[in-house]
């Protein structure tokens, strides 16, 4: 064993020869991993991760029953079988999660209490396609309390909490969703929500646009009878604008994604917290010193960058928009092209809403063990399809974590198969989702109760007064006290003392397509 030696009053430690050899071997290992060594390591990791408790596990992942929910005959306690979930017996666990979520969703609970007597959604038949989580359950039950009938499917094959879906089914909501659906299951669930004898939906609440397009293409007559569409994702909004531009949007639609209460809160603060949660649960990695490239510096990208920078990561940003690019530079991030850093970064995160942001060429050039994930709604940002080729080997490490192995032994760590990381692999902050969910509920109420002629067959933004109302409902949680304008101040600014305080065109970032703003209700 090496000893401490005294040298003119100072102490020095002689590094053992075995440590020098190990360091050299590690450098060589990272440069060019051998095929045999890599496969052996992967097998040991895979085995240990399945034998021990995974931090990403939940009731959702604990069932040993591999039978497809479509092949099961299930009924709730009231005898209804108008649902399809993983296991209706998990309802009690789901109900507890919903009750926890209610405590962090003050605005929805306040809206439920204030408007319950009026039933502003009486007669509304809402078909929804969103992430099915405890927070969504609070929204659905609020819509039900306001008089609506609801049928629901999931907008993501990995984000459904099975116990929450079971709790909703037990409460009488026709829910068709479970975690780990196949692509065929996904469309089957949407169709089961829509294609019901004697039930004609008149409102759509969508997240991504899949439900809207399914009805538009398969049930055109049903689509023409829809009174309004509410869409919350950038992907779904783009699809709505495409329909509108082509003259094929025959119903009014509300763009919730570009509401200030969505952009400035859900997109920013939700992602700022959930990006770390998703990466930690899936990879157990340390962020300090890691090199990360974030593709896109919109609100989602801003949240991801801020969180990673605070944890000590070295963060690069890619952008196409010079305004967002300048914001990234002034926030202290280095703006690069992906090709410039792809060989050196430890983590690649996409959050653009675009397609083929990370291509097979990029994936081929990544360093060994690079983590690749997506924080955008759609799974189109990473070219995952190009990885399903005979020369590459896929190894499941744990739930939502895959090693994709090249012939020379190099591997990347792909999370959630390129789908939305936070809702597929972890959870999201409930309070922030309360803001979005309240905005969605008000948008549904506005479209459903609007007099004929207020909204034409186009895409609209929620009136600014409603944005401010949603924000005001959340202030009591912080014991916050708004300052009121004096009559003189209001006159000086040309404002109503009660708002709105911002013009209708005010946005955190102006949306690309031209927008129409609904008149205040």
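Glycine residues also receive a Cβ, built from the backbone N, Cα and C atoms like all the rest.
Keep in mind that what you see is a predicted model, and the values were worked out from it rather than measured.
Feature annotations, reproduced from TrEMBL:
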REGION    29-81  region 'Disordered'
COMPBIAS  32-41  compositional bias 'Basic residues'
COMPBIAS  42-61  compositional bias 'Low complexity'
BINDING   133, 207, 232, 262, 266  substrate binding site
DOMAIN    267-428  domain 'S-adenosyl-L-homocysteine hydrolase NAD binding'
BINDING   298, 299, 300, 301, 302, 303, 319, 422  NAD(+) binding site
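Mapped onto this structure are the features recorded in TrEMBL.
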residue	record	CB count, 10 Å
207	substrate binding site	26
232	substrate binding site	26
266	substrate binding site	26
298	NAD(+) binding site	22
299	NAD(+) binding site	24
300	NAD(+) binding site	28
301	NAD(+) binding site	28
302	NAD(+) binding site	24
319	NAD(+) binding site	23
422	NAD(+) binding site	27
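Taking the binding-site residues 133, 262, 303 in turn and counting surrounding C-beta atoms within 10 angstroms, the largest count is reached at 262. If you compare Cα positions, residue 133 (substrate binding site) sits closest to 422 out of the binding-site residues 298, 301, 302, 319, 422. Note on proximity: among 207, 232, 262, 266, the binding-site residues of the record, the Cα nearest residue 300 (NAD(+) binding site) is that of 266.
Checking each of the binding-site residues 207, 232, 262, 266 against residue 422 (NAD(+) binding site) by C-alpha distance, the shortest gap belongs to 266.
Across the structure, residue 262 (substrate binding site) and residue 298 (NAD(+) binding site) place their CA atoms 13 angstrom apart.
Take 298, 299, 300, 301, 302, 303, 319, 422, the residues named in the record as contacts for NAD(+): the widest Cα to Cα gap among them comes to 22 Å.
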